[in-house]
Amino acid sequence: MVKAVAVLGSSDGVKGTIFFTQEGDGPTAVTGSVSGLKPGLHGFHVHALGDTTNGCMSTGPHYNPASKEHGAPEDENRHAGDLGNVTAGADGVANINVTDSQIPLTGPNSIIGRAVVVHADPDDLGKGGHELSKSTGNAGGRVACGIIGLQG
């Protein structure tokens, strides 16, 4: 079993810890929580670069090794890093429990060393008709991010 973790932070008080677990070549389980969010849906993605020198802006685009368009997690045509939305309750906390087969922790397309990002707005899953729908899901600003690192 391979485990990884990302500690999310921001200058706006949004913070959280996201855990990644993968058994063999199976799908990766993503669990954890993020606090300090406005209630509602927030885009949740793996971004290509594990670089936070300029905050979350330097994490690059969504992780997309197959050069596909943005989509929903269940879509065949999607970025590998498209994990859909997380929902923050009235308390501003989003509890995360996702399983995905396109974000391995080992091999040539591993997400280790990349970043996980929570966005300000809902991800329209590529179906919103906005000019950004097919690239970012029109999910708005990046409110928190963290680099995905191997865990003991």
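Every residue gets a Cβ built from N, Cα and C, even glycine.
Counting every protein chain shown, 28 other Cβ atoms lie within 10 Å of the Cβ of H45 (Cu cation binding site). Secondary structure at H45 (Cu cation binding site), as computed by DSSP, is strand. The Cu cation binding site annotation in Swiss-Prot covers H45, H47, H62, H119.
Annotated Zn(2+) binding site per Swiss-Prot: H62, H70, H79, D82, in sequence order. Proximity of D82 (Zn(2+) binding site) to non-local residues of its own chain (separation of 6 or more, Cβ distance below 8 Å) is seen for H45, H62, H70, G71, A72, P73, D75, D123, L125, G137, given in sequence order.
In the three-state DSSP assignment, the secondary structure recorded for C145 (disulfide bond) is strand. Taking Cβ-Cβ distances under 8 Å and a sequence separation of 6 or more, the neighbours of C145 (disulfide bond) in its chain are L8, G9, S10, H47, T52, G55, C56, T59, A115, V116, V117, V118. If you look up Swiss-Prot, you'll see C56-C145 marked as disulfide bond.
Around H79 (Zn(2+) binding site), a 10 Å sphere centred on its CB holds 27 further CB atoms from the protein chains shown. Listed in sequence order, the residues of the same chain lying 6 or more apart from H119 (Cu cation binding site) and placing their CB within less than 8 Å of its CB are H42, G43, F44, H45, A139, G140, G141, R142, V143.
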